[in-house]
Amino acid sequence: MTAPDVAVRPVYQRSTGTRLTLWLSRLGWRHAVMWVVAAFAVFPVLFVVSAALNPVGTLSSSQLWPTGASLANARELFQNTPFTTWYANSLFFALTNAAVTVLLSALAAYAFSRMRFKGRRVGLIGLLVIQMFPQFLAIVAIYLMFSNIGEVYPVIGFDTRWGLLLVYLGGALSINTWLMKGFFDTVPRELDESAQMDGATHAQVFFRIMLPLVTPVLAIVALLVFINTINEFLMASVFLRDTASQTLGLGLYQLVDSQRNANFGMFAVGALMLSLPTLIVFWFLQRYISEGLTSGAVKG
Amino acid sequence: MATNRSGTAGAPGKGAPARPALPGGRFSGNGSLTGQLVKIALLGLFTALGVWAVLPLYTAGNWWGIGLAVAVVALVYWVYLSKRTVPAKYLVPGVLFLMAFQIFPVLYTMSTSLTNMSDGHRGSKEQAISSIEAYSVVRGEDSEEYVLTVATTGDPESGELVFLLTDSEGDAYAGTEEGLSELERAEVGPSGKVTDAFGYTLLTPSQVNARSDDLQDFAVPTGDGSGIRSSGLSSAFEGNAQRAYDEACDCVTDSETGKVYTADDERGAFYGEDGERLAQGWQVGVGFDNFARFLLNPTFAASFFSTLVWNIAFAASVTFLVFVLGLAVALTLHVPRMRGKVVYRILVVLPYAMSSLAMYLLWRDMFNADFGLFNRMLGLQVDWLGDAWAARAAVILANVWLGYPYMFLVATGALQAIPRELGQAAQLDGAGPWQAFRHVTLPLLMVAMAPILIATFAFNFNNFNAVWLLTRGGPFGAEGTASGGATDLLITYTYRLAFSEATAQYGYAAALSVMIFLIVSVTSVISLSRTKALQEVDR
């Protein structure tokens, strides 16, 4: 938006009726539409909140509007399930994967943006091509691979954190690297050239000059990877079969799978807890989000 | 902007660096002391990792593995110690992960898709024969009896089973699927049960019970057609195999029934003359049989193509609805000075900020026929997830709810980039608001939105969570879960074949994966060639 809208201001006084008609045709219907849309957007969230507070804790007794405020469901979740372990696992995967992916991706993006070398073109196109083969499509092969790896190295076999993390990191170089490279390209070269003149090494240019300048894109990529990892189900369900090693998402799935009606209150608390980190990150990064999203990374 | 300078920054192969930095921007050679120390520490750590990786490979005698590990360590040393490999220093970490856990699995999927790999066809022919022989062991008159302690290597629930056996003289043995070996450093209790064994996890009775199915199929081959099987939780016997393999005729003969099963090296199993198959087979290449099965075989092909049609319809309709709704909301809010705009925005984006995994499960429970919110609030009796079309509608609705906030954000950004004056100019020229939108705003918008729409389509084409967490691909027809369900995507169908059915069909599932690769890459190549993404390569 460049210039503010130039509206013609009336110099004479309109009657109340005319003003109301004008308001309705200009803004009134917009408010009406937005009320409907907002209601559509909010009602499932409202339902899950009221179910979490519902003292009875079953699906059949949960109403759209809270019928009571009790922490019984939360207490039950903490006592009857390994909730803290699940939560810790989820956060471990999401945080570690986000951090390492950002680092690996930024390293590669720096090379692609600032250096000219043999294979650069092939590498960049290759990254695009690989996007057509989402990692989870190869899940059969990954499963077979890790049933062999797990025999030699139990530390990274099934039911371990490190095995699944390694697989997640296989997707570190992805479209996100493109996103980062595009952002790196917008940083003027004069900056790193002048640093080189002053005797900085390539590593110093990267860590001291580039990284601080591209923080927004690092934040966006971290956010996207975090969200994707915490919601990842397919590979986690193949890798983590032992209850104690599972993530919160898998745990919640089983919670409502076996006892759909009775466990719903516990599930609702868990669902809110699983959404909490995402909500927090969204809140803090909101000014970067629409800008980063338009540049091409996808969720939903 | 960069063309006239290309080849200056970090150009490889320019020889040893000089200090002070030369004009022209060559990087200086050695950084700070801290940098050097960090580098040495990281390389040391990596070497330690390499040694750790080689040790178990050495024990297992896996020379290919050792060669690979050494090669990787050598590559890393070369890249980080040479002064001529600057770009590689930045690319190697990510690329190593990419090779190991993305490119290799994709290739492995392709090779698996050409085999009959499945439960019962996992190992080699020798393994199949020894397991057939051991499995057919029956108790003879002079059978040796053992006291049995069930153990595993690794985790009690999934580790490989091991029989810790104590014979009448009190000697302890460890029996695996490979054979029997003497057990050293084991403590044997008064009952003959092993109470502690180095390297093995002893199972409690309840843990043994949990794995009773595995136990049923477990036998320790002891050579010459005999083997050891369990007879209860704490005893085992050695007996003679009823079925014996004869190399001369390449067949297995059942000594009790006299039946002969001949090896079929094309199908990887032993077949009797009446077509009866022994359960334990081996892995063989089957060429393109897996592909032929779902492309040509009438029953499988019907299932595959109906799944494919629904898969495309699902991705297309979700993309379309999400786009229309997101754009409509963005247009509604695209007006200067509207009260409550910020609040509306936050509320509309709320679904996007919730955990999608949890929200899918929530929608599934809202659609629940007996206790769900929709049926209770609207007073309906619809079996949402049990009826094919209702389930399809439910899946699409839930996805639109989760997906449109993203489109709203993107469309808002795109709308703000279009100068308002364009629309106003069109209106001055006599265009109505709809015409101005249709012929001025929308075309400009589509330029920015087209790549996003393609990406959304590709994402939803393989949106596993959307279907698996809501319906698991169901409802299913008369054939049950082995064929495609009404809401099955190709990816959920593949997943069920490999991980959720009684007999896992890895080869067939891998063939389906390869099919998805092909479909997605054809669509992507077409759409990519129409976007500008590739031009960026040469910047």
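Note that Cβ sites are derived from N, Cα and C of the backbone, with glycine treated the same way.
Just so you know, TrEMBL annotations are computer predictions that nobody has curated.
According to TrEMBL, the region 'Disordered' annotation covers B:1-22.
Residues annotated as compositional bias 'Low complexity' in TrEMBL: B:7-22.
Taken from TrEMBL, the feature transmembrane segment applies to B:37-55 (among others).
The transmembrane segment annotation in TrEMBL covers B:61-81 (among others).
What TrEMBL lists as transmembrane segment is B:90-108 (among others). Using a Cβ-Cβ cut-off under 8 Å and counting only residues 6 or more beyond its ends in the same chain, the transmembrane segment (B:90-108) has close neighbours at 72, 75-76, 79, 517.
According to TrEMBL, the transmembrane segment annotation covers B:308-330 (among others). Within the chain carrying the transmembrane segment (B:308-330), a Cβ under 8 angstroms from the stretch's Cβ atoms is held by residues 348, 392, 395-396, 399-400, 403-412, 415, 445, 449, 453, 456-458, 460-461, 463, 467, 486-490, 519, all 6 or more beyond its ends.
What TrEMBL lists as domain 'ABC transmembrane type-1' is B:308-527.
Marked as transmembrane segment by TrEMBL: B:342-363 (among others).
Within the same chain, residues 310, 314, 317-318, 321-323, 325-327, 329-331, 333-334, 348-352, 356, 359-360, 363, 367, 382-383, 441, 445, 448-449, 452, 456, 460, 463, 466-467, 470-471, 474-475, 486-487 sit at least 6 positions outside the transmembrane segment (B:389-415) and bring their C-beta atoms closer than 8 Å to a C-beta of that stretch. Under the heading transmembrane segment, TrEMBL lists B:389-415 (among others).
What TrEMBL lists as transmembrane segment is B:436-459 (among others). Long-range Cβ contacts of the transmembrane segment (B:436-459) within its own chain (Cβ-Cβ under 8 Å, at least 6 residues beyond either end) map to 315-316, 318-319, 322-323, 327, 331, 403, 406-407, 410-411, 413-415, 417-418, 422-423, 426-427, 520, 523-524, 527, 530-531, 533.
Beyond the transmembrane segment (B:506-529), the same-chain residues lying 6 or more positions past its ends with a Cβ under 8 Å from any Cβ of the stretch are 106, 109-110, 112-118, 121, 286, 290-291, 293-294, 304, 308, 454, 457-458, 461-462, 490-491, 493-495, 497-498. For B:506-529 (among others), the entry in TrEMBL reads transmembrane segment.
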* Asked: Excluding the flanking five residues on each side, which residues at least 6 beyond the ends of the transmembrane segment (B:61-81) place their CB within less than 8 Å of a CB in that stretch?
  -> 39, 43, 46-47, 50, 53-54, 88-89, 92, 96
